[in-house]
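Undergrad: Take a look at this one; I'll ask things after.
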Amino acid sequence: MWWQWIVERIALGLHIPDGFLHAPVALLWWLPTVIAVGIAARAARQSLDERAVPLMGVMAAFIFAAQMINVPIAGGTSGHLLGGVFAALVLGPWAGMVVMTSVIALQAILFQDGGIVAMGANIFNMGIATAAIGGWLARPLLIRNGVLTANRLWIAIVAAGAGWLSVMAAAALTSAQLVLSDLPAAIVFPAMLSVHAIIGIGEGLITAAAVVFLASTRPDLLQATPPSGPVMTRIAAIGVVIAAVITAFAPLASPDPDGLERVAEDAGFITRATDAPYQLLPDYTIPWLGETPLSTIIAGLVGVAVLIGLIWGMSRLLRTQPPARS
């Protein structure tokens with residue numbers, strides 16, 4: 001059935017391509033997304049310490065690079081890190097939403113990963129909802145009066161639970177949007193939630209490991225007052241190197257669902273997915289280098305550089321505001 005292929009394709013990742021959602025559904029979802037992103041940008045500008053801006057760029061680059069690496073899971077599917085909870089735990093919910101919006105928008109616009117019309121839904125599902133869980137549910141459980149708890153086990157439990165919950169929330173939202181686009185709820189919800197319950201375990205473990213590592217080595221990054229400018233610059237430089245190294249491993253990621261696309265072609269349903277109206281660096285490749293490891297690595301590095309530049313541009317706006325008080 002055509003809807004089975006759609007569910008399988010979405011289950012490989014939560015980037016909804018154009019054509020999977022009815023146009024009214026996709027367009028309608030832009031409304032809450034634009035409102036949420038606008039509020040987040042304004043709140044981040046007013047509350048975020050300027051010294052934390054380099055960390056935003058590093059966080060965006062890290063999440064972008066990590067999302068390039070799909071790992072195989074049960075049932076012949078694969079998944080990747082979302083990162084919204086991690087971003088919000090480090091930066092707070094508002095800045096976390098801004099970072100996630102930047103990553104998801106870049107993926108759609110530059111790499112054609114996720115639809116342009118469906119971008120509003122993708123940003124809401126993977127960016128707004130996940131950062132909200134990290135910033136408003138998990139962060140208050142770990143940070144009281146600007147001070148991070150010293151209980152590493154509690155940090156791991158909260159971070160892991162929030163990471164898992166964020167994947168389930170994003171999957172549930174995606175399922176609801178598909179059902180609103182006339183896919184059968186009795187099929188979509190069980191299929192989406194079951195596979196993402198497994199993917200969420202990986203999200204939770206990675207989030208917990210990252211947060212515990214920061215809590216053990218640089219707890220100041222998780223607290224209200226960021227470190228001094230020179231220290232933050234060094235941290236940002238190290239983070240950029242880490243993002244670049246992660247990008248170098250992208251060619252080793254679980255391959256795109258070529259098999260599922262072949263099934264769709266055999267069944268005659270692949271035409272339901274709409275191609276992007278243009279192609280810049282499609283599927284994280286450089287067109288003139290073809291689908292080669294070098295092509296993927298260079299495309300990933302381009303994405304890292306663009307995101308850092310984008311966040312730096314946002315910092316020019318932040319400089320018009322006085323530093324936030326601790």
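The backbone N, Cα and C atoms fix where each Cβ goes, and this holds for glycine too.
Taken from TrEMBL, the feature domain 'PDGLE' covers 238-319. As annotated by TrEMBL, transmembrane segment applies to 20-41, 53-73, 85-110, 116-138, 150-173, 193-215, 235-253, 297-318.
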Undergrad: Six or more residues out from either end of the transmembrane segment (235-253), which same-chain residues have a Cβ under 8 Å from its Cβ atoms?
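TA: Residues packing against the transmembrane segment (235-253) from afar: 54-55, 57-59, 61-62, 64-66, 68-71, 78, 80, 218, 221, 227, 284, 293, 296-297, 300-301, 303-304, 308.
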Undergrad: Mean pLDDT across the domain 'PDGLE' (238-319), rounded to an integer, is what?
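TA: Summing pLDDT over the domain 'PDGLE' (238-319) and dividing by its length gives 72.
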Undergrad: Quick test of the contact rule: Cβ under 8 Å, at least six residues beyond the ends. What residues does that give for the transmembrane segment (85-110)?
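TA: For the transmembrane segment (85-110), the list is 15, 36-37, 39-41, 43-44, 47-48, 52, 55-56, 59-60, 63-64, 67, 116, 119, 122-123, 126-128, 130-136, 138-139, 142, 159, 162-163, 166, 203, 206-207, 210-211, 214, 221-222, 280-281, 302-303, 306-307, 310-311, 314.
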Undergrad: Give the nonlocal contacts of the transmembrane segment (150-173) in its own chain as ranges (CB under 8 Å, at least six residues past its ends).
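TA: Distant contacts of the transmembrane segment (150-173): 14, 82, 84-86, 89, 121, 124-126, 129-130, 133-134, 137-138, 141-142, 189, 192-193, 195-197, 199-201, 203-208, 210-212, 215-216.
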Undergrad: Could you pull out which residues elsewhere in the chain have a CB under 8 Å from any CB of the transmembrane segment (297-318), counting only those six or more residues past its ends?
TA: 44-45, 48, 50, 53-54, 56-58, 60-61, 64-65, 68, 98-99, 102-103, 106-107, 110-111, 240, 243-244, 247-248, 250-251, 281, 284-286, 289
